[in-house]
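> Pasting a structure here, questions to come.
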Amino acid sequence: MDLVKEIQKLKKEKNAIILAHYYQRPEIQEIADFVGDSYYLSKIGKDCDEQTIVFCGVKFMAESAKILSPQKTVLLPAYDAGCPMADMAVSEDVLKLKKEHPNAKIVCYINSTTEVKAVSDVCCTSSNAVKIIQNIDADEIIFLPDKNLGSYIQEQVPEKKMILWSGYCITHRRISLEEIKKAKDSIEDLIILAHPECEKEVRDIADFVGSTLEIINYATSSEKTNFLIGTEEGILHELKKRNPNKKFYTPRGGIMCVNMKKTVLIDVYNALLKNQHEIHVNEDIRVKAYESLMKMHILGR
Ligand code: 13P
Ligand code: SF4
């Protein structure tokens, strides 16, 4: 069976759209209708006309699409593709922290559970986080779950007081300063591009810090040739496609998010064939989480 052809056929029959994050396997990115960073995919999921969304990414992404479009069927092909960082904050603890800081607004990274989104004032992604914090009507902000993105925002917006959660991405944590220094010493004119989920010492040595899409855009518009990519290796697929004559290096020969790599072609085929694995969100929680996601789309514009 030609899986790619079968997926295309089923997709038409079911009036479905396939969305894939840049960390997905190359063959998954190739069959997707849209590939992007978290913000772009969230926007496409919200605005698309298709009734079925096959979300090739991790659970919080598919849940965010369902929160924004409850009338659509949202499918997560790899049922156990989660995000360990999203699970580092639970809503009860967030509310406890809020009690200690009653004047603070809660801003959650989109990499969080639906319950945490429901108790947050606004959501953000790595590409709009700085703008959201600048635009939010509060001087004190509880930011969660990523302490690294949080401290990056604090550096960009020093006038606001950020109270940071202690979560982190287990994938980006593997990118070390030593590795980057070693690469810088051995490769001439090497440009360092890092995701804000990286540790501070890595961000500090980087020439540019941004979301996956921003990293791709930066490398593509740059006149330089050699880049060290401080994020998950799936992004190399798009980088190489857009820049066949440039050279991309990775720390440790590539760092991989095991959850993002769980989706394989047969899962996408089965998702379309059997309507699996459908995302369901409790309606009371969804309505509250919808507010924080919609505010992100308004404040982040
Ligand atoms: P972005 O694509 O928004 O940069 O997100 C990175 C990420 O870690 C998604 O899990
Ligand atoms: Fe979560 Fe990090 Fe994987 Fe993104 S790369 S899904 S933040 S563990």
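Numbers run from 1 along the shown chain.
Cβ atoms here come from the backbone N, Cα and C positions, even for glycine.
Keep in mind that this is a model prediction, so the values were computed, not measured.
Quick paste from TrEMBL:
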BINDING   His21, Ser38, Tyr109, Ile110, Asn111, Ser126, His195, Pro196, Glu197, Thr212  iminosuccinate binding site
BINDING   Cys83, Cys169, Cys257  [4Fe-4S] cluster binding site
> Between the Cα atoms of Cys257 ([4Fe-4S] cluster binding site) and Asn111 (iminosuccinate binding site), find the distance and write it as a whole number of Å.
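Answer for this pair: 14 Å between alpha carbons.
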> Any idea what the Cα distance is from His21 (iminosuccinate binding site) over to Cys83 ([4Fe-4S] cluster binding site), rounded to a whole Å?
13
> Using the Cβ center of His21, Ser38, Tyr109, Ile110, Asn111, Ser126, His195, Pro196, Glu197, Thr212 as the iminosuccinate site position, which other residues in that chain lie within 8 Å, going by their Cβ?
Asp37, Thr125, Ser127, Leu149, Ser211
> Say you check the Cα of Cys83 ([4Fe-4S] cluster binding site) against those of the binding-site residues Tyr109, Asn111, His195, Glu197; which is nearest?
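When the Cα distances are compared, Asn111 comes out closest.
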> Checking the binding-site residues His21, Tyr109, His195: which ones have Cβ within under 6 Å of ligand 2?
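Checking each Cβ against ligand 2, none of them comes under 6 Å.
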> By a simple count, how many Cβ atoms lie within 10 Å of the Cβ of His195 (iminosuccinate binding site), its own Cβ left out?
28
> Checking your reading of the structure: which of the binding-site residues Tyr109, His195, Glu197 lie inside a 10 Å Cα sphere centred on Cys169 ([4Fe-4S] cluster binding site)?
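Of Tyr109, His195, Glu197, within range: Glu197.
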